[in-house]
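Q: Input: one structure, supplied below.
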Amino acid sequence: MKIVKFSINRPVTIIMFTVAAIIFGFISYSKLNLNLLPKISYPTLTIRTEYPGTAPSEIENIISKPIEETCGVVDNVVRISSVSRAELSEVTVEFAWHTNMDFATLKLREKLDLLRLPRDATKPVILRYDPNQEPIMRLGLTGDTDLARIRYIAEREVKQALESIEGVAACSISGGLEDEIHIDIDEQKLSLLNILITSVANRLAQENVNLSAGILKQKDSQFLVRTVNQFKTVEEIKDIIIEKRGDVQLTLGSIADVYRGHKERKVISRINGRECIEAAIYRAADANTVAVANAVTDKLKAVQANILKPRNMDYLIITNQSKFIKNTIHQVKQTAIIGGILAILVLLYFLKNFRSTLIIGAAIPISVVITFFLMYSSNISLNIISLGGLALGIGMLVDNSIVVLESIQRYREKGADLYKAALQGTSEVAGAVTASTFTTVAVFFPIVFVEGIAGQLFKDMALTVTYSLLASLAVSLTLVPMLNATLRRENSKERLTGWLKVLFKPLDKIYNQFYLSYKKILDFSFGHRKTVFITVIVLFFTAIFMSSFMGQELIPVISQGEFLINVEFKPGTALKENTAIITDIYEVLKKHKEIDSIYELIGKGSRGGISFQEERENLSEFTLRLKPGILGKKEDRIMDLVRADLEKFPTTKVKVYKPRLFSFKAPLEVVVLGNDLEMIKQVSEELLEKIRGVEGIIDLKSSMEEGYPEIQIIFNRALLASQNMTINSVGTQIRSKIEGDVATRFIESDREIDIRVRLSERFRDRVDKIGRINIRNGLGMMVPLKALAEIRIKEGPAEIRRILQQKSAVITGNISGIPLDTAKEKVMAAAASIDCGPECSIYLAGQSMEQDVAFSSMIFAIFLAVFLVYLVMASQFESFKKPFIIMFTIPLAIIGVVIVGLVFSMSINVIVLIGLIILSGIIVNNAIVLVDYIGKLEKQGMSKMEAIKTAAQVRWRPIIMTSITTVLALLPMALDFNEGFEIRIPLALTLIGGLVFGTFLTLIFIPLVYSMIVREAKVTEEKQTPFLGFLKSFKMTPSSAKAKAKKP
């Protein structure tokens, strides 16, 4: 090859190119972002709309349904669902995975802006799930002063200080108390004076204005004319004249209590039992998580000294994402370095030459550094997925160089000088190593067809491995031959001496024994081809059958040293009652010595640990941070102990789970769909009872278990008509008196404080007082509400769910100790035993649905990858048969994967399937080198059987060398149980199992299949198809094969 000759003839040029590549690589490494995950974009948007004081039924009809209809006309929508709760609507829109979500969000916003919703409803907010947009750090601010003051300082000073840091997108403040000016109306005085409460609110809004009146010109001057009449003090608000009756002026203070207070509290946050204000810090989209977190940590020292300490305030870190990232990245780097060292030691053993080992060993760091430059150019960050791909590729980076060096060494042993050996040896195997590299790279092209979370994760790993392998190919064809021609000495054998020779001597005996055993097994295989062939085929189909016992799941849950507890009380539970029970739970939890910190969020809960949460007074959530080093099974054990402790609180529904990085959906989600709400409720209750008895399914919850207490007002329409009233006008008056209206805002410095007008609490603190509220009729008279309507207490639905325009019930749960597919089978078996008729249907959603999408596209990608590998090899060999033979290595590797999976209790998940795709590109490399050399020997005049046996013996050493280096480089990853091990270990074990068993069987089975399919050189490939030759081979006896081998 010309590039090989150029590299040997121009050593200085190659060295300069290498130095330049290393420099650019190090510069790129310093600029790479360090994040937990690659860019993951779920094609899901949630539209949240609040409508205070409204029941679920009204939320469904006047908020959720109109939004559903609006969303239905947006392109690429595949599923719309909604949840209507008291005061809140959430409509979830799921798009096809290929959708551009930025554009989809824009189009959806345009449609929603045209939608007309009730005046008191908030503007719909579009929320998007992105794991990379979770808060990188959450702080708890505490102090000896009151909570309103702490919140004010947090919003005015702490927030401003943290948002000034480069890379910080926002600092969100929540919890504590917020100021509000209360106008508490006396109902009796209001009724006596026959004044509408809405008139009071309107009057305040009209009085609290600054208006521009234009420009006044006077000779050579001009003046801006404006009214300056906004409220400056609370006393000024009291003195506002509401009405004038004769000579009497009715001021606001005469009919209401006017004072500065706080907004009605809906959320309480506490850190280690002490109330606090939460500050959630979000990074900018392209910022480095670790760098931003370090900058925040440094800034907090100044904030503590200058802002918090002088006011007797302090802060505690609730969560710090960067700590987990740094630990995870450190572990991946460490395993990669150890793996690289092990690979170099293997090379030193086989080559027994320091210079040769140094030449090949240089391929690892140089290829890795070049990869950093390519990663930076492709905007790939350093994360657990990309670094995992780099770590698993460490052992493969020397494969090409080993083959090249081994070929050069053979030419040296034949008597060629350094120049000729480097040129001819490299040129001889250049085609084979190029083909083997491109077969490995080819398996990553089907990524474009992989949907779901698998495609999102696979991309970074695929590109990282591809870049590193292409870099290693370039190094093996340029730097390695050049260094061999220039650094090696002409007559020096440079063999190992001293203690290394003594150390390696026992290994030589083991290696020689393996080699002799291999030759005997190979001879036995040729003598019993039919038996060996059938045995291997039976092994393969047995492995396929046994794989059904491995279990399936979407993706392993990663232990981050923390877990969440979601606590739900009966609908209608007040915040005060919620807080009392949560305090009791906290006292139980703090007894566990393994728990480092406990953060309580009362009145708020998340779904799966994601950032957008729902506020309900009957919800609470704990974030429990464990002491360093408690991961995996230790963490699971503590979670089980906590579950057992929480069983002492029967009035609560509890979920204990780890934060989910790759999915915001519950592991188990069963949907009951239909139009009859009563039938849906009946079926869901029966199904729930059946699932409760299934072992391994925990934290079960049904969306229809309990209702929300309602005070229902049923109007007498005839009576309303006789008094010239409408239901809408009466409802508006009731709402204004109970919920109240924000009439206007009080401006203080640059802060806006709501002014809320409603009845004084003493007129609305009991159910029986609702009927005494006076309503002004169309005749201008005040009438008590109980005279116009029947008032009753009834339990309404706590929430109303709709999926695909139909009412539904959803049962959610977690799994413990069983794989997801087993849980699915048990749930569907329970569902099959229920007769729900044609009016209802039951199906699985949540992670089960995501798993089906991911697995189907991954399996398609595996078959497509195998096909692409065949295409590359067929093009390289210009043959149909030889690639067909090489493809037998993939089933051999699958046998090893299943054996290792069963031994180590692995489940089949996205990570394992990614490993299989990578394995299909790696395992064929050994066979490519073997088959390629057989063909070369046949062209030199050897008989088929002689060429097969010679090639098997000659290529045994480089094949074993490359396989062992790859396996040992992966071994540290397979044995590392630190942060992120749930991703690394399944990937490493999949590759190790496939390579160990696949390589061993390849060295035996591929020569056997070659002898069965390929005829002597005089039989052309056009006269015999691979399949026909394969069938005919069974008729060949060992004796006839030997006889044919002797023919000229």
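Heads up, the Cβ atoms here are built off N, Cα and C, so glycines get one too.
Feature annotation from TrEMBL assigns transmembrane segment to 12-29, 332-351, 358-378, 384-408, 429-449, 461-483, 531-550, 853-872, 884-904, 910-935, 956-975, 987-1010.
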Q: Cβ under 8 Å, sequence separation of at least 6 from the ends of the transmembrane segment (531-550): give me the contacting residues as numbers and ranges.
A: 524-525, 819, 891-892, 894-895, 897-899, 901-902, 906-908, 1001, 1004-1005, 1008-1009, 1012
Q: For the transmembrane segment (910-935), what are the same-chain contacts with Cβ under 8 Å, counting residues 6+ beyond its ends?
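A: For the transmembrane segment (910-935), the sequence-distant neighbours (Cβ-Cβ under 8 Å, at least 6 residues beyond its ends) are 392, 396, 399, 403, 429, 431-432, 435-436, 439-444, 446, 453-454, 457-458, 461, 465, 554-556, 854-855, 858-859, 861-862, 865-866, 869, 873, 876-877, 882, 885-890, 892-894, 897, 901, 947-948, 951-952, 954-955, 958-959, 962-963, 966, 983, 986-987, 990-991, 994-995, 998-999, 1002-1003, 1006-1007, 1010.
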Q: For the transmembrane segment (956-975), name the stretch out of 12-29, 358-378, 384-408, 853-872 with the most CB-CB pairs under 8 Å.
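A: By the under-8 Å Cβ criterion, the transmembrane segment (956-975) pairs most with 384-408.
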Q: Between the transmembrane segment (332-351) and the stretches 12-29, 358-378, 384-408, work out which stretch tops the count of Cβ pairs under 8 Å.
A: 384-408
Q: How about long-range neighbours of the transmembrane segment (853-872): same chain, 6 or more residues beyond its ends, C-beta under 8 Å?
A: 97, 435, 438-439, 442-447, 449-455, 552, 554, 883-884, 887, 890, 910, 913-914, 916-917, 920-921, 924
Q: Among 12-29, 429-449, 461-483, which stretch has the highest count of C-beta pairs below 8 Å with the transmembrane segment (358-378)?
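A: Result: 461-483.
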Q: Please identify the stretch among 12-29, 384-408, 429-449 with the greatest number of Cβ pairs below 8 Å relative to the transmembrane segment (461-483).
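A: The stretch with the most close Cβ contacts to the transmembrane segment (461-483) is 384-408.
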